[in-house]
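In TrEMBL this protein carries:
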DOMAIN    1-108  domain 'C2'
REGION    180-199  region 'Disordered'
DOMAIN    256-376  domain 'C2'
DOMAIN    414-538  domain 'C2'
DOMAIN    579-707  domain 'C2'
TRANSMEM  807-825  transmembrane segment
TRANSMEM  837-867  transmembrane segment
TRANSMEM  951-980  transmembrane segment
Amino acid sequence: MAQYKLGVEVVGAHDLMPKDGHGSASACVELHFDGQKFRTTVKERDLNPVWNEQFYFAISDPFNLPNMHLEASIYNNNKELHSRSFLGKVRIAGTSFVPLSDAVVMHYPLEKRGLFSRVKGELGLKVFLTNDPSIKASNPLPAMDPLSNQPPGNPNAVPLVHEHKSEARHTFHSIPKEVHHHNYHPTNNPLPPGTGPINDQAPPFVQYAADPMKAQPVPPRIVRMYSSASSQQPPEYALKETNPFLGGGQVVGGRVIRADKPASTYDLVEQMQYLFVRVVKAKDLPAMDVSGSLDPFVEVRVGNYRGKTRHFEKKQNPEWNEVFAFSRDRMQTSVLEVVVKDKDLVKDDFVGIVRFDLNDVPTRVPPDSPLAPEWYRLVDKKGDKAKGELMLAVWMGTQADEAFPDAWHSDAAVPADAFVGTHIRSKVYHAPRLWYVRVNVIEAQDIIMHDKTRFPDVYVKAQIGNQFMRTRTSQARPNPFWNEDLMFVAAEPFEDHLILSVEDRVGPNKDEILGRVIIPLASIERRADDRIIHGRWFNLEKPVAIDVDQMKKEKFATRLHIRVCLDGGYHVLDESTHYSSDLRPTAKQLWKPSIGLLELGILGAEGLHPMKTREGKGTSDTYCVAKYGHKWVRTRTIIDSLGPKFNEQYTWEVYDPATVLTVGVFDNCQIGDKAKEGNGNNRDAKVGKVRIRLSTLETGRVYTHRYPLLVLHPSGVKKMGELHLAIRFSSTSLINMLYQYSRPLLPKMHYVRPLTVMQLDLLRHQAVQIVAARLGRMEPPLRREVVEYMSDVDAHLWSMRRSKANFFRLMSVFSGLFAVGRWFADVCAWRNPITTVLVHVLFLMLVCFPELILPTVFLYMFLIGVWNYRYRPRYPPHMNTKISHAEAVHPDELDEEFDTFPTSKSAELVRMRYDRLRSVAGRIQTVVGDIATQGERIQALLSWRDPRATAIFVLFCLVAAVALYVTPLQVLVAISGIYVMRHPRFRHRLPSAPVNFFRRLPARTDSML
């Protein structure tokens, strides 16, 4: 394996602190890493020096790379005094090091070395890892530095207190690649040969702590709990808490009661025992055909369950290396039979058999090494020795075995062919890394027109894959100018090119291509901040047709001036913003360390609604998909079961608690006779999904619940079954967790150069399509309808039901203010004289002591929060039909919600819905107009639009100014409050004079058509 090296390109510095006494500085950069030291050249008297020098450090231990740091210090060198002064430093964590292909120039703010250091400015560095054998490590400097004002020894020796203080403020961290865990991947596997530490480096040891629990004699039971918002919906739609026996023990109320035996690594699922049979190969098989050969395959039989390997044609020494897993709970025999057969058109011929007594099969528990296969002599049906031997390995294990995901499962029945077999296995998918491509089209030069008698209508059309955008038209000749930004989404690895074409609109629906340029995305410059990208001129090429079968390109003088870059400082939104599972930017250098670990155990489903009919009875072929961040997981498909048991456990690293885990249940429609008729084009049916927001979970607690799978159909809301999950969210540090609540939700670029709502919506749609296309090309494919359903691709479309639900949500938010208003109206009406008198007393106390107002408010909110702690939610929120306004929705509104876009309904139905939408919009229009009227009346107070009203208000302001100057403010506030809360005897039913005066003010409604 090639030696890995750390490359550091010192680009330049900006706005350094002058230290030479003449308003300037002679700066050089000193680099320290892994006991090696390098220094750049000295730039004389330059506060914005540029070096562009590269250095390469040898890495002694690549596996310890996350614990290393690169330190870059800037010094001002004084040749006259032979000394140097400190200008600032940058400390970069080893977790931020990325491969050369991902490296971009980053500008780091300079840190102080001590408490009284005066530094400012930024240092531009490009840090990357490489294993290129042609690159040799640079020669480090000697330990003794003639210009250093420090004694020989460790050049990084600085006061310990100041070092820790600076680290806490400006240490840059990142994770080059997520380290994911799966229930069948052991965590102690060594690094495979040929794999470098760049992409698969061993993560630093992090302890995820969960409080140890002691056993309590609590019997298992199912507890139904309802929140205040969901208590009105039917009980069958409610969440159910369960107390299952998992691998770590029994879960009771989120507390794990440890079992007597040591806990398994996979402690969030029930351990399922399987009989594993690995069929490796055979040798010296007898000839069964007339041609002197045979077409062998192996059939593994346990009772009524049978699994078959693929067959080879005319091969007496075949190799299969296939694994079969039989559920121990379903075994009805104690004998395992492994039969070798010869494939024939009419009837398969018997070759030989090997029998095992299941009571003698050994048990293997990871992390034990895999069981070594053995050669077994084949016997005939009578038990006599037959010709040929078969290499097998047979053992008992659980779903934690690494052979489990690729094995044939007895609960998946016999697959009809290899295509079906690939669609029923569990897999882990990694979504591609997405980039925003920013294309700034500036201008073009020397446009050549064929028809020079007319003004051109020139625009630029850009294309990346299936994404098309264009600029506005320009009529300037011959140098049109646009200066427009076009945004696209691209995924790694980059397969498409950026195609820019300058076109002239000759007539309606008729455009003429004046020139074109093709730019590979891999050659485009990347950036992680808002630095300026220099523009480039591209010569346009125009395709000229010679004949039907041949095209040639002819260069001419037209040029196109553009700025193009890959923006890595944004987070590419590929899901609904309300249910985002990842908020990190694209550039890995900006990634922060993880703050915790999310563990999900998919136990099973119960009471599923039949999705298909097979052999005259309703059934379902169910699998689950979970999505969090870039990692998608898919469980194996359980065939012919309305109560499948998955018991698969998955793990994700968490970088932000304000994210959402989504788990969906689907029916596999790629199995059966109908799947063959559809040629793999059948859409998998959605059964339901569950969303869990991580910020609502307590750290260290195990949540075991059955979630109702609620789906909205054109006929109304329907419960499709229940999904049984076990969830645990563990944190590495409470301080880091709380610090996240003060950080911006999105990366910095979203606030420095924000994108419009229209751009974000269009780019999100394109991102979902790219992710769906990439995941659909994997094996087994994660189908497009699954990705779109999990990503809520249709969440932005109009729905009358959602509009009503959002309106009632808004009313619920303001219900507290309305309740306070009604209470204050009762106080003013003296409904309860005792309460009114107490309010008067409290009001006068606050007027006399105004410094008590804010403390009283915050103390009141504190007491409310402490009181509500007793009634805090004990379980994650789930789908609520009442909040969703799904119970009393009109059938026509549901039919409209499930309509395609654009619509596929009849003209009469569309006209009716359009009229209904116009009536709703008319009410909104009236409300908006009333609000605008009140605002225009306020503006009319001093605009002299009504001269008499303005004169009255101006005189009132003069009198009020004199009165407020003479009278103390507290007296005026007390008099005003007592006047507002006066007894009904002193009130009139007619509106007051100020209200009458305000309502008579003019508005601009008279000027509207």
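Counting starts with 1 at the first residue shown.
Note that Cβ sites are derived from N, Cα and C of the backbone, with glycine treated the same way.
Between the domain 'C2' (579-707) and the stretches 1-108, 256-376, 414-538, the greatest number of Cβ pairs separated by less than 8 Å involves 414-538. Non-local neighbours of the transmembrane segment (807-825) in the same chain are 883, 885; each lies 6+ residues outside the stretch with a CB under 8 Å from one of its CB atoms. Secondary structure of the domain 'C2' (256-376) per DSSP, as helix, strand and coil residue counts: 6 helix, 54 strand, 61 coil. Broken down with DSSP, the domain 'C2' (1-108) shows 12 helix, 56 strand, 40 coil.
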